[in-house]
Amino acid sequence: MELPYVVVIILFYLGIYTIIMNKNLIKIVVGVNIVESSLILLLILISFKLGGTAPILDRKYELVVDPIPQALALTAIVIGGSLIAVMLALVIKIYKRYGTLNVDEIRKLRG
Amino acid sequence: MSRVHKIFRKFYKIGLVLFLAIFLLFIFDEIQNLDIKRYLSEHYISEGVQETGAINLVTSVLYDYRGFDTLGEATVILTAAATLSFMTPIKKVKMLGTEFTIIIYQTIIIIIPFLVVLGMNLIFFGHISPGGGFVGGVILAMIPILVTINYGITFSENKLKPNHKSLLEGIGAIGFILLGLLGIFAGSNFLASGQANFGLGNPGELISAGLIPYLNLMIGIKVGAGLAAIFNSLIKEG
C-alpha cells in the first residue's frame with residue numbers, strides 16, 4: 001500500500017466525518033469540498049506513471065502519463081466549483097429566512 | 001442519561017467512519033495490484049496527435065474525443081449561473097466594503113492588462129501548450145472579481161453590466177453548439193473535428209487541429225462570463 005492512497009482515504013473520510021459531525025451549514029459545505037479534493041487526488045494518482053512526462057507531445061518522449069483521468073479531473077473541478085457556489089447561495093438564503101445556521105434549530109423551526 | 005446517549009452517538013459515528021475507511025483501504029489495495037492494460041489511453045497517446053491535430057492530449061480528449069462531456073460541463077456552469085441569478089435580487093445593490101490604500105488601487109490598474117494577456121494566451125494556445133478554455137476563462141473572470149472587490153459593486157456593474165455578462169455566456173453556449181453542428185454538416189457526427197477533416201494542419205502550429213481552438217475560445221468566453229456572474233450574485237446578497 002503506497003502512502004498517497006492512504007492520504008486519499010484519510011482526506012475522504014475526514015470530509016465525511018466533517019459532514020456528519022458538524023451542525024453548522026458552512027462547515028458541511030467545507031466537508032463536501034474536502035471530499036471533492038480527495039477524489040481529484042485519486043484521479044491524478046490513477047493517471048500517474050513513474051518517470052512519465054506530461055501529455056503534451058512537443059518533443060521526444062518515452063513514457064507519457066494517462067491523459068483520460070486528467071480530463072476527468074478537469075470535469076470534476078468545474079462541476080465541484082458550480083456545486084459549491086449553488087450550495088453557498090442556498091446557505092445564504094436559509095440564513096436570511098431562519099436567522100441561524102444550526103441544522104437542529106432549523107429543523108425545529110420548520111417554516 | 002442524555003449525556004451518556006450523546007457520547008455514545010459520537011463514538012458510534014467515529015466508529016462507523018473508521019470501519020468504512022478500513023473497507024476502502026482493502027478496495028484500494030485491490031485496485032493497486034490490478035494489472036490491466038489500458039488500451040484506450042495507449043491508443044490516444046500513439047494515434048491522438050495524428051487523429052486530432054492537437055499535441056496537448058488532454059485538450060484533444062476534452063474537445064474531440066469527449067466533446068459531449070465538455071458540453072455537459074458547460075451546461076452545468078450555465079445552470080449554476082442561472083440558478084444564482086434567479087435567487088438573488090436584481091435591484092438591491094449592496095455589499096460590505098472596505099477602504100484600501102492607494103497602493104492597492106494603483107496595483108490593480110497595472111495588473112489588469114497582464115491578466116488579459118495571460119488569459120488570452122491560455123485560451124488561444126490551449127491545443128499546443130498547457131492551458132485551455134477553462135483555465136483561461138477563470139483567469140479572465142478574475143478581472144471583474146478584482147474590480148468588484150476593490151472599487152465596489154456599483155462601479156463594477158456600471159462598467160460591465162449583468163445583461164452583457166449573460167449575453168456573453170449565451171454567445172459561448174450557442175457558439176459551442178453551432179460549432180458542433182458543423183460536424184453534422186460535414187457529413188460526420190455531432191462535435192466531430194478530427195473525423196470530419198476540418199483542415200487539421202501541422203500539429204504544433206497555432207492554426208491547426210480543426211475546430212479545437214474555436215471550441216476553446218467559446219468555452220473560455222462562457223466560463224469567464226459565468227464565473228463573474230456567479231461571484232457578483234453571491235456578493236450582492238449581503
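In case you wondered, yes, glycine gets a Cβ from its N, Cα and C as well.
Marked as transmembrane segment by TrEMBL: B:12-28 (among others).
The domain 'MrpA C-terminal/MbhE' annotation in TrEMBL covers B:34-83.
Within its own chain, the transmembrane segment (B:71-90) is flanked in space by residues 162, 166, 169, 172-173, 176-177, 180, 191, 219, 222-223, 226-227, 229-230, 233-234, 236-237, which lie at least six positions past its ends and keep a Cβ under 8 Å from the stretch. Taken from TrEMBL, the feature transmembrane segment covers B:71-90 (among others).
Long-range contacts of the transmembrane segment (B:102-128) within the same chain: residues 53-56, 59-60, 63, 135-137, 139-140, 142-143, 146-147, 150-151, 203-206, 208-209, 212-213, 216-217, 220, 224, each at least 6 residues beyond the stretch ends and with a Cβ under 8 Å from a Cβ of the stretch. What TrEMBL lists as transmembrane segment is B:102-128 (among others).
Among the features that TrEMBL reports, domain 'Na+/H+ antiporter MnhB subunit-related protein' is placed at B:107-228. Helix, strand and coil counts under DSSP for the domain 'Na+/H+ antiporter MnhB subunit-related protein' (B:107-228) come to 85 helix, 0 strand, 37 coil.
What TrEMBL records for B:134-155 (among others) is transmembrane segment.
The transmembrane segment annotation in TrEMBL covers B:167-191 (among others).
The transmembrane segment annotation in TrEMBL covers B:211-235 (among others).
Secondary structure counts, DSSP: the domain 'MrpA C-terminal/MbhE' (B:34-83) has 40 helix, 1 strand, 9 coil.
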